[in-house]
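Asks: Would you mind keeping the following structure in view while I ask a few things?
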């Protein structure tokens, strides 16, 4: 039953506030990671769980949101998600060690995972078709604004208060969204009967994702398969993934209809979504860490650095939606250009150096933002174009989960890669730091004389000089490692372009819900 009158616009406000909770929190945390590492005594590998734990929990909840909506009722599930998200935010802020924080971030992800999909269904069931385009536009702007202001807001809060307040800021908005939900959102007249939840499949999915996550995050520090722990996790992950796939292919009502992957365009589009999540999440994670730990930027500077790129994405999405509705060119071309631009962003940052200032990042991040705007809606159109209407909800859930998993695994892989590659570059650079290398010998002599002039004894001055050189080696090794990481991320996007162009010449029509997003 569609809601009429002014109240329906309060519904838009309600779901937009809830969406802002989720979208801001997905980006606000990244600029606080450096302070978290210092305050909680965590390594880069440990702190990455704050990001990946949230994303992995959200991915699992995407698969359950439809069943929970039918089981609890749309309003009750939406409100419960907001309440859980808000309570978890409080405990995130009060955490005293990194693993306590990771646990409550996972709980937060469980609450936030279904917010966006449930919000969209609320709008569809509340508004008549003639008003739905406006409602979607308002909601879409909220979804876009979140990632745009999140880093800037997080940087300001971190520098002027503390990292805990990036979580506490959710409390008033969570209370407001809960109140508005129970006041203005009503259950639809037609009740949906909840079928049985395949708990075995859900357990297997969680075991598979969790096991892979642990392997990627902890494999390096545990010597990979020389560790019984990693071997055990590998067996658990293998059983979970194989068991989940078998279960989805044999039960009558699967959590995720994996048979959709037999359709070539959907399968390739899903792969593109994984790569999109991989590159987007990994780059959003490593840029703030690099800027603060290596270049010495403040959290506020880093947040402001990221804002223009997010605004560029927000500007491009409605522009691309409008162009696609005119059918000037195939959506494939928009997506292909977007992937090329993302590669350009990565290629540019692969030449990063220790003297890079905030201005160095401006245009590469704008290029990435424009590229993201060119990818999102066209890629959704390409991926879902061949599906029947009844298959689209399952297709959307599957691609959404795969994109989240791409982000989760991408962040984990890049974190491990940075640790491994830094050792490689440090070793190669250290080989050149000796008295037999004229350049390094001269630098050691200069540092030694500097410390001698300050009153240090010869042995002490020499030791300090070597210490300074070692610090410089590690710093340069980190710069080279991050440059390599950007190039690897970009390479995946470049590989996508020829695969995309294979679909040129085939008619692609946007599914109904994508058309509404373009209106």
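Residue 1 is the first one shown; counting continues down the chain.
Using the three backbone atoms N, Cα and C, a Cβ is placed for every residue, glycine included.
Given the structure is predicted, the values throughout are model-derived calculations rather than measurements.
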Asks: Looking at 17-36, 197-216, which one is transmembrane segment according to TrEMBL?
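Replies: Result: 197-216 is the stretch TrEMBL calls transmembrane segment.
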Asks: Please figure out which one of 77-96, 102-124, 266-290, 332-355, 361-385 racks up the most CB pairs under 8 Å against the transmembrane segment (163-185).
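Replies: That would be 77-96.
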Asks: Between the transmembrane segment (50-70) and the transmembrane segment (332-355), are there three or more C-beta pairs closer than 8 Å, counting only pairs 6 or more apart along the chain?
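Replies: No; fewer than 3 Cβ pairs under 8 Å.
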Asks: Do any residues, 6 or more residues outside the transmembrane segment (77-96), come within under 8 Å Cβ-to-Cβ of it, and if so which ones?
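Replies: 18, 21-22, 25, 40, 65, 68-69, 71, 104-105, 107-108, 110-115, 118-119, 122, 164-168, 170-171, 174-175, 177-178, 181-182, 185.
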